[in-house]
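Have a look at this one before I ask anything.
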Amino acid sequence: MPISLEYLGPAQAPASVGDFYFLRHGKTDLNEKEVFVQGEKHWGVQGAGTNIGLNETGKRQAVLAGNVLRKLPISSVVCSPLLRAIQTAVIANIGCLCFEIDDDLKERDFGKHEGGYGPLKMFEENYPDTENTELFSMRVAKALAHAETENTLFVSHGGVLRVVAALLGVELTKEHTDNGRVLHFRRGCPQWTVEIHQSPVILISGPSRGIGKAIAENLIAHGYRMSLGARRVKDLESAFGPQSEWLHYARFDAEDNDTMAAWVTAAVEKFGRIDGLINNAGCGEPVNLEKDIDYKQFHRQWHINCVAPLRMTELCLPYLCETGSGRVVNINSMSGQRVLNPFVGYNMTKHALGGLTKTTQHVGWDRGVRAIDICPGFVATEMSAWTDLISSNDMIQPNDIANLVREAIERPNRAYVPRSEVMCMKESIH
(Lines of atoms letter the chains of each structure in order from A and count residues from 1; the text may use other names and numbers.)
(Lines give C-alpha, C1' and ligand atoms only; values in the text may rest on other atoms or scores of the structure.)
Protein backbone atom coordinates (compact mmCIF):
# COMPACT_ATOMS: atom_id res chain seq x y z
CA MET A 1 0.00 0.00 0.00
CA PRO A 2 1.57 3.35 -1.04
CA ILE A 3 2.28 5.99 1.58
CA SER A 4 -0.31 8.78 1.59
CA LEU A 5 0.33 12.49 1.06
CA GLU A 6 -0.97 13.01 4.59
CA TYR A 7 1.79 10.70 5.86
CA LEU A 8 4.45 12.74 4.02
CA GLY A 9 3.13 16.14 5.02
CA PRO A 10 5.36 18.95 3.69
CA ALA A 11 8.34 16.64 3.02
CA GLN A 12 9.78 16.91 -0.50
CA ALA A 13 12.67 15.26 -2.30
CA PRO A 14 15.66 17.53 -2.98
CA ALA A 15 15.46 18.92 -6.51
CA SER A 16 18.98 17.91 -7.53
CA VAL A 17 18.86 14.21 -6.62
CA GLY A 18 20.51 11.96 -9.22
CA ASP A 19 20.29 8.23 -9.88
CA PHE A 20 21.01 6.14 -6.78
CA TYR A 21 20.83 2.65 -5.29
CA PHE A 22 18.96 1.44 -2.21
CA LEU A 23 19.53 -1.73 -0.18
CA ARG A 24 17.10 -2.70 2.55
CA HIS A 25 18.87 -4.56 5.35
CA GLY A 26 18.73 -8.37 5.55
CA LYS A 27 16.18 -10.15 7.69
CA THR A 28 16.14 -10.20 11.46
CA ASP A 29 14.10 -12.52 13.66
CA LEU A 30 11.46 -9.81 14.08
CA ASN A 31 11.05 -9.53 10.31
CA GLU A 32 9.81 -13.12 10.31
CA LYS A 33 7.32 -12.82 13.20
CA GLU A 34 3.58 -12.36 12.78
CA VAL A 35 0.62 -12.91 15.10
CA PHE A 36 -3.14 -12.55 14.87
CA VAL A 37 -4.93 -10.50 17.51
CA GLN A 38 -8.71 -10.88 17.47
CA GLY A 39 -8.48 -11.98 13.85
CA GLU A 40 -6.30 -9.01 12.79
CA LYS A 41 -2.77 -9.59 11.54
CA HIS A 42 0.04 -7.93 13.51
CA TRP A 43 3.69 -7.68 12.44
CA GLY A 44 6.89 -7.58 14.45
CA VAL A 45 7.84 -4.00 15.31
CA GLN A 46 11.46 -2.97 14.88
CA GLY A 47 12.13 0.68 14.42
CA ALA A 48 14.78 3.13 15.57
CA GLY A 49 14.48 1.82 19.12
CA THR A 50 15.20 -1.83 18.28
CA ASN A 51 18.87 -2.44 17.57
CA ILE A 52 19.13 -6.13 16.76
CA GLY A 53 21.36 -7.93 14.27
CA LEU A 54 20.64 -10.11 11.26
CA ASN A 55 19.58 -13.73 11.51
CA GLU A 56 21.15 -16.39 9.29
CA THR A 57 18.72 -15.68 6.45
CA GLY A 58 19.54 -11.99 6.65
CA LYS A 59 23.27 -12.65 6.54
CA ARG A 60 22.80 -14.75 3.42
CA GLN A 61 20.72 -11.99 1.83
CA ALA A 62 23.58 -9.56 2.49
CA VAL A 63 26.03 -11.90 0.74
CA LEU A 64 23.71 -12.12 -2.27
CA ALA A 65 23.37 -8.34 -2.37
CA GLY A 66 27.14 -7.97 -2.26
CA ASN A 67 27.47 -10.10 -5.38
CA VAL A 68 25.33 -7.56 -7.22
CA LEU A 69 26.74 -4.39 -5.69
CA ARG A 70 30.40 -5.16 -6.34
CA LYS A 71 29.63 -5.05 -10.07
CA LEU A 72 27.84 -1.68 -9.91
CA PRO A 73 29.48 1.78 -10.09
CA ILE A 74 28.79 2.68 -6.44
CA SER A 75 30.31 6.10 -5.69
CA SER A 76 29.58 6.23 -1.95
CA VAL A 77 27.71 4.31 0.74
CA VAL A 78 25.45 6.04 3.26
CA CYS A 79 24.16 3.77 6.00
CA SER A 80 21.70 3.82 8.87
CA PRO A 81 23.44 3.61 12.27
CA LEU A 82 21.34 0.63 13.35
CA LEU A 83 23.14 -2.71 13.68
CA ARG A 84 21.05 -4.60 11.13
CA ALA A 85 21.90 -2.05 8.42
CA ILE A 86 25.58 -1.83 9.30
CA GLN A 87 25.86 -5.64 9.34
CA THR A 88 24.25 -5.78 5.91
CA ALA A 89 26.74 -3.27 4.49
CA VAL A 90 29.74 -5.00 6.07
CA ILE A 91 28.76 -8.53 5.01
CA ALA A 92 27.96 -7.32 1.49
CA ASN A 93 31.62 -6.22 1.29
CA ILE A 94 30.84 -3.61 -1.33
CA GLY A 95 34.42 -2.40 -1.64
CA CYS A 96 33.59 1.32 -1.71
CA LEU A 97 36.07 3.56 0.15
CA CYS A 98 33.53 6.33 0.81
CA PHE A 99 31.33 5.14 3.72
CA GLU A 100 29.18 7.36 5.92
CA ILE A 101 26.68 6.91 8.75
CA ASP A 102 23.61 9.15 8.78
CA ASP A 103 21.15 9.17 11.71
CA ASP A 104 18.42 10.41 9.40
CA LEU A 105 18.38 6.97 7.72
CA LYS A 106 17.19 5.27 10.90
CA GLU A 107 13.84 3.53 10.76
CA ARG A 108 10.80 5.32 12.18
CA ASP A 109 10.70 5.21 15.99
CA PHE A 110 7.79 3.16 17.33
CA GLY A 111 8.31 4.12 20.96
CA LYS A 112 6.90 1.74 23.55
CA HIS A 113 5.77 -0.65 20.80
CA GLU A 114 9.36 -1.53 19.83
CA GLY A 115 10.12 -5.24 19.93
CA GLY A 116 6.44 -6.18 20.10
CA TYR A 117 3.72 -6.52 17.48
CA GLY A 118 1.63 -3.93 15.72
CA PRO A 119 -1.32 -3.70 13.31
CA LEU A 120 -1.05 -2.34 9.78
CA LYS A 121 -2.27 1.12 10.76
CA MET A 122 0.73 1.53 13.09
CA PHE A 123 2.96 1.54 10.01
CA GLU A 124 0.60 3.47 7.71
CA GLU A 125 -0.38 6.50 9.81
CA ASN A 126 0.28 8.48 12.96
CA TYR A 127 -0.22 6.08 15.84
CA PRO A 128 -0.07 6.73 19.59
CA ASP A 129 3.45 6.76 21.07
CA THR A 130 5.23 6.58 17.69
CA GLU A 131 7.33 9.06 15.71
CA ASN A 132 5.23 11.57 13.80
CA THR A 133 5.04 10.52 10.15
CA GLU A 134 5.65 14.05 8.82
CA LEU A 135 8.80 14.47 10.92
CA PHE A 136 9.98 11.01 9.87
CA SER A 137 9.38 11.83 6.20
CA MET A 138 11.21 15.16 6.51
CA ARG A 139 14.35 13.55 7.93
CA VAL A 140 14.30 10.89 5.20
CA ALA A 141 14.02 13.68 2.61
CA LYS A 142 16.99 15.38 4.24
CA ALA A 143 19.06 12.16 4.00
CA LEU A 144 18.08 11.78 0.36
CA ALA A 145 20.25 14.81 -0.40
CA HIS A 146 23.26 12.47 -0.33
CA ALA A 147 22.04 11.28 -3.75
CA GLU A 148 23.03 14.62 -5.24
CA THR A 149 26.21 12.61 -5.79
CA GLU A 150 25.16 10.14 -8.48
CA ASN A 151 25.29 6.38 -7.79
CA THR A 152 25.14 6.75 -4.03
CA LEU A 153 24.03 3.59 -2.21
CA PHE A 154 21.70 3.91 0.77
CA VAL A 155 21.64 0.97 3.22
CA SER A 156 18.57 1.42 5.35
CA HIS A 157 15.11 0.14 6.28
CA GLY A 158 11.71 -0.74 4.87
CA GLY A 159 9.95 2.34 6.24
CA VAL A 160 12.67 4.61 4.89
CA LEU A 161 12.40 2.92 1.48
CA ARG A 162 8.65 3.50 1.32
CA VAL A 163 9.08 7.19 2.12
CA VAL A 164 11.83 7.54 -0.51
CA ALA A 165 9.59 5.94 -3.13
CA ALA A 166 6.64 8.14 -2.18
CA LEU A 167 8.77 11.30 -2.34
CA LEU A 168 9.83 10.36 -5.88
CA GLY A 169 6.39 9.19 -7.00
CA VAL A 170 7.51 5.59 -7.52
CA GLU A 171 5.14 2.70 -6.88
CA LEU A 172 6.71 -0.28 -5.11
CA THR A 173 5.68 -3.93 -5.28
CA LYS A 174 6.20 -6.48 -2.51
CA GLU A 175 9.27 -7.74 -4.38
CA HIS A 176 10.79 -4.26 -4.21
CA THR A 177 10.33 -4.09 -0.44
CA ASP A 178 11.68 -7.54 0.42
CA ASN A 179 14.73 -7.66 2.68
CA GLY A 180 18.09 -7.65 0.93
CA ARG A 181 16.84 -6.30 -2.40
CA VAL A 182 19.19 -4.08 -4.41
CA LEU A 183 17.13 -1.33 -6.06
CA HIS A 184 18.26 1.16 -8.70
CA PHE A 185 16.28 4.42 -8.72
CA ARG A 186 16.61 6.28 -12.02
CA ARG A 187 15.52 9.78 -12.79
CA GLY A 188 13.55 9.64 -16.01
CA CYS A 189 11.66 12.09 -18.10
CA PRO A 190 9.07 12.75 -16.87
CA GLN A 191 9.15 10.34 -13.90
CA TRP A 192 11.37 8.20 -11.70
CA THR A 193 11.63 4.43 -12.18
CA VAL A 194 12.99 1.65 -9.98
CA GLU A 195 14.66 -1.60 -11.07
CA ILE A 196 15.58 -4.68 -9.03
CA HIS A 197 19.09 -6.11 -9.40
CA GLN A 198 19.57 -9.73 -8.29
CA SER A 199 22.57 -12.02 -8.16
CA PRO A 200 23.21 -14.36 -11.12
CA VAL A 201 21.73 -17.87 -11.31
CA ILE A 202 24.22 -20.65 -12.05
CA LEU A 203 23.49 -24.32 -12.87
CA ILE A 204 26.08 -26.98 -12.00
CA SER A 205 25.93 -30.66 -12.89
CA GLY A 206 27.48 -33.21 -10.56
CA PRO A 207 28.18 -30.98 -7.53
CA SER A 208 27.86 -33.61 -4.79
CA ARG A 209 31.60 -34.21 -4.46
CA GLY A 210 35.04 -33.41 -5.84
CA ILE A 211 35.53 -30.47 -8.17
CA GLY A 212 31.79 -29.86 -8.53
CA LYS A 213 31.27 -29.57 -4.78
CA ALA A 214 34.17 -27.14 -4.47
CA ILE A 215 32.75 -25.00 -7.29
CA ALA A 216 29.28 -24.92 -5.72
CA GLU A 217 30.65 -24.02 -2.27
CA ASN A 218 32.81 -21.27 -3.74
CA LEU A 219 29.98 -19.68 -5.71
CA ILE A 220 27.54 -19.93 -2.80
CA ALA A 221 30.08 -18.19 -0.57
CA HIS A 222 30.37 -15.38 -3.12
CA GLY A 223 26.65 -14.69 -3.34
CA TYR A 224 25.44 -16.60 -6.38
CA ARG A 225 22.02 -18.20 -6.58
CA MET A 226 22.47 -21.85 -7.44
CA SER A 227 20.58 -24.66 -9.12
CA LEU A 228 22.33 -27.96 -8.53
CA GLY A 229 21.69 -31.17 -10.47
CA ALA A 230 22.65 -34.65 -9.30
CA ARG A 231 21.41 -38.23 -9.58
CA ARG A 232 20.36 -38.26 -5.93
CA VAL A 233 18.84 -35.08 -4.56
CA LYS A 234 19.41 -36.38 -1.04
CA ASP A 235 23.17 -36.17 -1.71
CA LEU A 236 22.73 -32.46 -2.41
CA GLU A 237 20.77 -32.01 0.80
CA SER A 238 23.54 -33.76 2.72
CA ALA A 239 26.21 -31.59 1.11
CA PHE A 240 24.52 -28.17 1.11
CA GLY A 241 21.55 -28.32 3.48
CA PRO A 242 17.90 -27.65 2.68
CA GLN A 243 16.70 -25.82 -0.42
CA SER A 244 15.93 -22.12 -0.02
CA GLU A 245 14.98 -19.01 -1.97
CA TRP A 246 18.54 -18.95 -3.38
CA LEU A 247 19.34 -22.68 -3.55
CA HIS A 248 17.54 -25.16 -5.82
CA TYR A 249 18.02 -28.90 -6.33
CA ALA A 250 16.99 -31.11 -9.22
CA ARG A 251 17.51 -34.67 -10.34
CA PHE A 252 20.10 -34.85 -13.13
CA ASP A 253 21.11 -38.07 -14.85
CA ALA A 254 23.76 -37.56 -17.53
CA GLU A 255 22.33 -40.56 -19.41
CA ASP A 256 18.72 -39.35 -19.30
CA ASN A 257 17.90 -36.31 -21.43
CA ASP A 258 14.44 -36.00 -19.87
CA THR A 259 15.93 -35.19 -16.46
CA MET A 260 17.94 -32.38 -18.06
CA ALA A 261 14.88 -30.76 -19.62
CA ALA A 262 12.96 -31.04 -16.36
CA TRP A 263 15.87 -29.52 -14.43
CA VAL A 264 16.21 -26.47 -16.68
CA THR A 265 12.44 -25.92 -16.66
CA ALA A 266 12.33 -26.09 -12.86
CA ALA A 267 15.28 -23.72 -12.48
CA VAL A 268 13.66 -21.12 -14.74
CA GLU A 269 10.34 -21.48 -12.92
CA LYS A 270 12.08 -20.81 -9.61
CA PHE A 271 14.48 -18.02 -10.57
CA GLY A 272 13.11 -16.65 -13.84
CA ARG A 273 16.54 -16.66 -15.49
CA ILE A 274 19.78 -18.57 -16.09
CA ASP A 275 23.07 -16.68 -16.15
CA GLY A 276 25.57 -19.51 -16.24
CA LEU A 277 25.96 -23.24 -16.86
CA ILE A 278 28.81 -25.33 -15.50
CA ASN A 279 29.06 -28.73 -17.17
CA ASN A 280 31.01 -30.54 -14.48
CA ALA A 281 29.67 -34.11 -14.39
CA GLY A 282 32.07 -36.50 -16.08
CA CYS A 283 33.06 -40.14 -16.46
CA GLY A 284 36.68 -41.27 -16.20
CA GLU A 285 36.23 -45.01 -16.73
CA PRO A 286 39.37 -46.46 -18.41
CA VAL A 287 38.40 -47.46 -21.95
CA ASN A 288 41.86 -48.67 -23.03
CA LEU A 289 42.99 -48.86 -26.68
CA GLU A 290 45.66 -51.44 -25.74
CA LYS A 291 42.96 -53.86 -24.60
CA ASP A 292 39.66 -55.14 -25.92
CA ILE A 293 37.37 -52.13 -25.95
CA ASP A 294 34.08 -52.37 -24.10
CA TYR A 295 31.92 -50.34 -26.47
CA LYS A 296 29.01 -50.26 -24.06
CA GLN A 297 31.31 -48.57 -21.58
CA PHE A 298 32.63 -46.27 -24.30
CA HIS A 299 29.13 -45.19 -25.36
CA ARG A 300 28.28 -44.47 -21.72
CA GLN A 301 31.40 -42.31 -21.42
CA TRP A 302 30.53 -40.52 -24.67
CA HIS A 303 27.04 -39.73 -23.42
CA ILE A 304 28.18 -38.46 -20.03
CA ASN A 305 31.18 -36.45 -21.23
CA CYS A 306 29.78 -35.11 -24.52
CA VAL A 307 26.07 -35.63 -25.12
CA ALA A 308 24.96 -34.45 -21.67
CA PRO A 309 26.96 -31.17 -21.85
CA LEU A 310 25.62 -30.64 -25.38
CA ARG A 311 22.01 -31.16 -24.27
CA MET A 312 22.42 -28.90 -21.22
CA THR A 313 24.00 -26.20 -23.37
CA GLU A 314 21.20 -26.48 -25.92
CA LEU A 315 18.55 -26.14 -23.19
CA CYS A 316 20.22 -23.23 -21.41
CA LEU A 317 21.42 -21.24 -24.42
CA PRO A 318 18.19 -19.26 -25.02
CA TYR A 319 18.22 -18.03 -21.41
CA LEU A 320 21.96 -17.31 -21.47
CA CYS A 321 21.48 -15.18 -24.58
CA GLU A 322 18.81 -13.12 -22.82
CA THR A 323 21.23 -11.92 -20.14
CA GLY A 324 23.77 -10.39 -22.52
CA SER A 325 26.55 -11.95 -20.45
CA GLY A 326 25.74 -15.67 -20.27
CA ARG A 327 28.51 -18.06 -19.33
CA VAL A 328 29.17 -21.72 -20.15
CA VAL A 329 32.05 -23.33 -18.27
CA ASN A 330 33.01 -26.84 -19.36
CA ILE A 331 35.17 -28.75 -16.90
CA ASN A 332 37.45 -30.37 -19.43
CA SER A 333 40.90 -31.88 -18.84
CA MET A 334 44.48 -31.70 -20.01
CA SER A 335 43.54 -35.03 -21.60
CA GLY A 336 41.48 -32.91 -23.98
CA GLN A 337 44.63 -31.06 -25.04
CA ARG A 338 47.27 -33.80 -25.24
CA VAL A 339 47.60 -37.58 -24.71
CA LEU A 340 49.77 -39.26 -22.05
CA ASN A 341 48.04 -42.65 -21.79
CA PRO A 342 46.06 -45.24 -23.81
CA PHE A 343 42.68 -44.31 -22.26
CA VAL A 344 41.08 -43.60 -25.61
CA GLY A 345 37.54 -43.10 -24.29
CA TYR A 346 38.46 -40.30 -21.91
CA ASN A 347 40.94 -38.70 -24.31
CA MET A 348 38.47 -38.72 -27.22
CA THR A 349 35.52 -37.40 -25.26
CA LYS A 350 37.49 -34.59 -23.66
CA HIS A 351 38.85 -33.52 -27.05
CA ALA A 352 35.26 -33.56 -28.34
CA LEU A 353 34.08 -31.46 -25.40
CA GLY A 354 36.49 -28.78 -26.55
CA GLY A 355 34.66 -28.73 -29.88
CA LEU A 356 31.39 -28.06 -28.05
CA THR A 357 33.00 -25.16 -26.18
CA LYS A 358 34.27 -23.56 -29.40
CA THR A 359 30.92 -24.02 -31.14
CA THR A 360 29.06 -22.52 -28.18
CA GLN A 361 31.40 -19.55 -28.30
CA HIS A 362 30.75 -19.13 -32.03
CA VAL A 363 26.97 -19.39 -31.77
CA GLY A 364 26.52 -17.25 -28.66
CA TRP A 365 29.18 -14.58 -29.14
CA ASP A 366 26.99 -11.86 -30.64
CA ARG A 367 24.45 -12.34 -27.83
CA GLY A 368 27.06 -11.92 -25.10
CA VAL A 369 27.54 -15.63 -24.36
CA ARG A 370 31.10 -16.67 -23.55
CA ALA A 371 32.27 -20.29 -23.17
CA ILE A 372 35.46 -21.62 -21.64
CA ASP A 373 37.23 -24.95 -21.28
CA ILE A 374 38.92 -25.35 -17.92
CA CYS A 375 41.47 -28.10 -18.45
CA PRO A 376 43.15 -29.34 -15.28
CA GLY A 377 45.81 -31.98 -15.01
CA PHE A 378 45.66 -34.21 -11.96
CA VAL A 379 43.23 -32.92 -9.33
CA ALA A 380 43.20 -34.30 -5.79
CA THR A 381 39.89 -36.17 -6.13
CA GLU A 382 38.83 -39.80 -6.43
CA MET A 383 39.20 -39.61 -10.22
CA SER A 384 42.98 -39.14 -9.90
CA ALA A 385 43.51 -41.74 -7.17
CA TRP A 386 44.83 -44.30 -9.68
CA THR A 387 48.00 -42.40 -10.59
CA ASP A 388 51.40 -42.58 -8.89
CA LEU A 389 52.94 -39.87 -11.10
CA ILE A 390 52.41 -37.22 -8.43
CA SER A 391 51.34 -37.14 -4.79
CA SER A 392 47.89 -35.86 -3.85
CA ASN A 393 49.46 -32.96 -1.94
CA ASP A 394 51.17 -31.78 -5.13
CA MET A 395 48.05 -32.17 -7.27
CA ILE A 396 45.75 -29.30 -8.15
CA GLN A 397 43.24 -28.81 -5.34
CA PRO A 398 39.49 -28.67 -6.10
CA ASN A 399 39.18 -25.11 -4.83
CA ASP A 400 41.93 -24.02 -7.24
CA ILE A 401 39.56 -25.00 -10.04
CA ALA A 402 36.61 -23.40 -8.23
CA ASN A 403 38.42 -20.07 -8.15
CA LEU A 404 39.14 -20.29 -11.88
CA VAL A 405 35.49 -21.06 -12.58
CA ARG A 406 34.33 -18.02 -10.62
CA GLU A 407 36.88 -15.84 -12.41
CA ALA A 408 35.57 -17.12 -15.75
CA ILE A 409 32.00 -16.26 -14.78
CA GLU A 410 32.96 -12.77 -13.64
CA ARG A 411 35.34 -11.91 -16.48
CA PRO A 412 33.95 -9.17 -18.78
CA ASN A 413 32.74 -9.93 -22.30
CA ARG A 414 35.39 -7.66 -23.78
CA ALA A 415 38.34 -9.62 -22.35
CA TYR A 416 37.36 -13.27 -22.36
CA VAL A 417 39.75 -16.22 -22.12
CA PRO A 418 38.36 -19.27 -23.97
CA ARG A 419 40.60 -21.94 -22.42
CA SER A 420 42.49 -22.36 -19.18
CA GLU A 421 45.11 -25.12 -18.99
CA VAL A 422 45.96 -25.94 -15.38
CA MET A 423 49.13 -27.92 -14.69
CA CYS A 424 50.62 -29.42 -11.55
CA MET A 425 53.61 -31.15 -13.15
CA LYS A 426 56.08 -30.43 -15.92
CA GLU A 427 54.58 -30.86 -19.37
CA SER A 428 55.30 -29.63 -22.85
CA ILE A 429 53.18 -26.67 -23.91
CA HIS A 430 50.79 -27.41 -26.80
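Even glycines carry a Cβ here, placed using N, Cα and C.
Positions annotated as NAD(+) binding site by Swiss-Prot: 203-227. Positions annotated as substrate binding site by Swiss-Prot, on the basis of similarity to another entry: Ser333. Feature annotation from Swiss-Prot assigns active site, proton acceptor to Tyr346.
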According to DSSP, collapsed to three classes, what secondary structure does Ile215 (NAD(+) binding site) have?
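The residue in question, Ile215 (NAD(+) binding site), is helix (DSSP, three-state).
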Relative to the Cβ of Leu203 (NAD(+) binding site), which residues of the same chain, six or more apart in sequence, are found under 8 Å away?
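When sequence neighbours closer than 6 are ignored, Leu203 (NAD(+) binding site) has Met226, Ser227, Leu228, Gly229, Trp263, Val264, Ala267, Ile274, Gly276, Leu277, Ile278, Met312, Cys316 within Cβ distance under 8 Å.
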Where Ile211 (NAD(+) binding site) and Ser333 (substrate binding site) are concerned, what is their Cα separation in Å, rounded?
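That comes out at 12 Å between the alpha carbons.
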For Ser227 (NAD(+) binding site), just count the other CB atoms lying within 10 A of its CB, please.
25
Looking at the binding-site residues Pro207, Ile215, Leu219, Gly223, Ser333, which has the shortest Cα distance to Tyr346 (active site, proton acceptor)?
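Spatially nearest to Tyr346 (active site, proton acceptor) by Cα position is Ser333.
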Given the binding-site residues Pro207, Leu219, Gly223, state which is nearest to the residue listed as 'substrate binding site' when distance is taken between Cα atoms.
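Smallest Cα separation from the residue listed as 'substrate binding site' among Pro207, Leu219, Gly223: Pro207.
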If you count other Cβ atoms within 10 Å of each one's Cβ, which of the binding-site residues Pro207, Gly223 has the most?
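Of Pro207, Gly223, the one with the most crowded Cβ is Pro207.
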In sequence order, what residues of the same chain, 6+ apart, have a Cβ less than 8 Å from the Cβ of Leu219 (NAD(+) binding site)?
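Correct list: Ile202, Ile204, Met226, Ala402, Val405, Arg406, Ile409.
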Specify the count of other C-beta atoms within 10 Å of the C-beta of Ile215 (NAD(+) binding site).
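The answer is 29.
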Determine the minimum-neighbour residue: among Ile211, Ser333, Tyr346, listed as recorded positions, which Cβ has the fewest other Cβ atoms within 10 angstroms?
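Across Ile211, Ser333, Tyr346, these recorded positions, the one with fewest Cβ atoms within 10 Å is Tyr346.
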